[in-house]
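S.K.: Features from Swiss-Prot:
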- 1-16: compositional bias 'Basic residues' (COMPBIAS)
- Thr19: phosphothreonine (MOD_RES)
- 29-64: domain 'EF-hand 1' (DOMAIN)
- 98-133: domain 'EF-hand 2' (DOMAIN)
- 134-169: domain 'EF-hand 3' (DOMAIN)
Amino acid sequence: MSSKRAKTKTTKKRPQRATSNVFAMFDQSQIQEFKEAFNMIDQNRDGFIDKEDLHDMLASMGKNPTDEYLDAMMNEAPGPINFTMFLTMFGEKLNGTDPEDVIRNAFACFDEEAIGTIQEDYLRELLTTMGDRFTDEEVDELYREAPIDKKGNFNYIEFTRILKHGAKDKDD
């Protein structure tokens, strides 16, 4: 049985397939802007962003990045960075959930005693009167699974952990 691919080519790390709906996350003008940015970073024009491309791009901006810094940037991707992977990574950053510390710090702004909790009535008032206002029904839904103690303290540190990692088992 002959293989169409040479075995020597299989040692190269192949890009992981990005979700097919990645292009649906952005409108056409945004995709064009990302393509222009990708092309500016892809200094050697091989269709992939590699460590050397990042180094050259940063050097052209007057930066002198260390190998460790460049490695950390490259390790953000699960494989070689083609345009689809580049778009997927930005989509996750722009449209995905916020990092855990960002969510926690947003709650902490309203925790005057810095103890990791917010009084449930106060939080309800904030959620229904500020920013993108929640309805009472939406707050009720939020509170259904929220970590609220018997005194009515909403534990936002635990809530943030639940948002990012899921609820603990009841057996714990």
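Just so it is clear, glycine is given a Cβ too, placed from its N, Cα and C backbone atoms.
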S.K.: Would you mind listing the long-range same-chain contacts of the domain 'EF-hand 2' (98-133), meaning Cβ under 8 Å and 6+ residues beyond its ends?
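M.R.: Here the qualifying positions are 139, 142-143, 148-149, 152-157, 159-161, 163-164.
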S.K.: Return the average pLDDT for the domain 'EF-hand 2' (98-133) as a whole number.
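M.R.: Its mean pLDDT is 88.
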S.K.: For the domain 'EF-hand 1' (29-64), what does DSSP give as the number of helix, strand and coil residues?
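M.R.: The breakdown for the domain 'EF-hand 1' (29-64) reads 23 helix, 1 strand, 12 coil.
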S.K.: Which residue counts does DSSP yield for the domain 'EF-hand 3' (134-169) in the helix, strand and coil classes, in that order?
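M.R.: Grouping H, G, I as helix and E, B as strand yields 19 helix, 4 strand, 13 coil.
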S.K.: May I have the DSSP-based helix, strand and coil counts for the residues of the domain 'EF-hand 2' (98-133)?
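M.R.: Summed over the domain 'EF-hand 2' (98-133), the classes give 19 helix, 3 strand, 14 coil.
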